[in-house]
Amino acid sequence: MVIGRHRNTRAIISLEAIKHNVATQISKLKDGQSLFAVVKANAYGHGMIPVAKAAKEAGANGFCVAIIDEGIALRESGIKDPILILGVNPASEAVCMAKHDLSVAVGTLEFLTEAQKLLQEEKQRLKIHLALDTGMGRIGFRNTEDLKEAVDFIEKHSDQLKCEGVFTHFSTADSKDPAYFEKQSQKFDELVGVLKKKPKYIHQANSATALWHPNFEGNLVRMGISMYGLNPSGDMIDETWNLEPALSLESELVAVKEVEAGSSIGYGATYTSSQSEWIGTVPIGYADGWLRRMQGFKVLIDGQYCEIVGRVCMDQFMVRLPKKYDLGTKVTLIGENNGKVITAQDVANYADTIHYEIMCNITERVPRIYK
């Protein structure tokens, strides 16, 4: 996708905030524990390479991605630290992953058997993190019998396969009710007990686990949403670490006009002015990730909350202004403006979603500006 460098719409990313959040998490680690920065999905929309380098500078020991190509991109950027692919990958890519020194999550014996043959042919060895499905229902071994069979296979073919880690993912670590979390934790302990030799990494802690369940098992934290300064629970549970949000989303007024009473605005004529009003146009739309359903939400202009009127268009939306503003006046969609703040959570609440999705939806057409 073409990046809109000649349009004054931009995502401002504070790498200092990233570093602060990573350093805060590191300060909470116990002796022998490490931190992997989760930079999948373009670092949750923040920009994978700059964020990864900032996290490394702050002390991150490695990285987590979702797909092979993300891992390769990190390697091509010069990063030599451990990289774990958390997603499912075809065994046909085993040699590719091994050659790029990428560790991979594995949750089936079928992957291991197919990958082993290919790795043997190419004289390569692949690092494995055994995924355990303790209740997420996504990927991983679900019972001790299947897990033991996989462990035995890896040990038998140690020239091609190395068990570097074992892990699970909690589905309710960000919930006020700890019951299901505790059930998953117990299941994890049961499954890990199958391993006669413990691998280098044993991990179950995502951002929410590290925040609200500090006595978690294992020696590795996978720091995801909290690295970007956002509360994993949204606004259900308070976070006390003073995380700093790293992303602001800004644009500007490119058209300002006064319309008379009875004027309709936007596709479908869904808004009609009740009196003479000043209307401003902002050059960002749903093609940039600003959802069409944000009609009626408010943005910040000169410290004033201004309502989005009419439907959000593909490339633009319109706002009702309290007065005439100059062209080029800054519009804040996420972030601070003259002492007022709109958070990613505010946007998510209005859109009936989560702030993860709001961040990831910001398309590549919006340039990321780093400071």
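Cβ atoms here come from the backbone N, Cα and C positions, even for glycine.
Copied over from Swiss-Prot:
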| type | residues | note |
| --- | --- | --- |
| ACT_SITE | Lys40 | active site, proton acceptor |
| ACT_SITE | Tyr267 | active site, proton acceptor |
| BINDING | Arg138, Met314 | substrate binding site |
| MOD_RES | Lys40 | N6-(pyridoxal phosphate)lysine |
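Annotated features, which come from Swiss-Prot, shown on the structure.
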residue : record                       : contacts (Cβ under 8 Å, 6+ apart)
Lys40   : active site, proton acceptor : Cys64, Val65, Ala66, Ile67, Glu70, Leu86, Gly87
Arg138  : substrate binding site       : His169
Tyr267  : active site, proton acceptor : Gly310, Arg311, Cys313
Met314  : substrate binding site       : Gly285, Tyr286, Ala287
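Under DSSP, Met314 (substrate binding site) is assigned to coil, being neither helix nor strand in the three-state scheme. Lys40 (active site, proton acceptor) falls within a helical segment according to DSSP.
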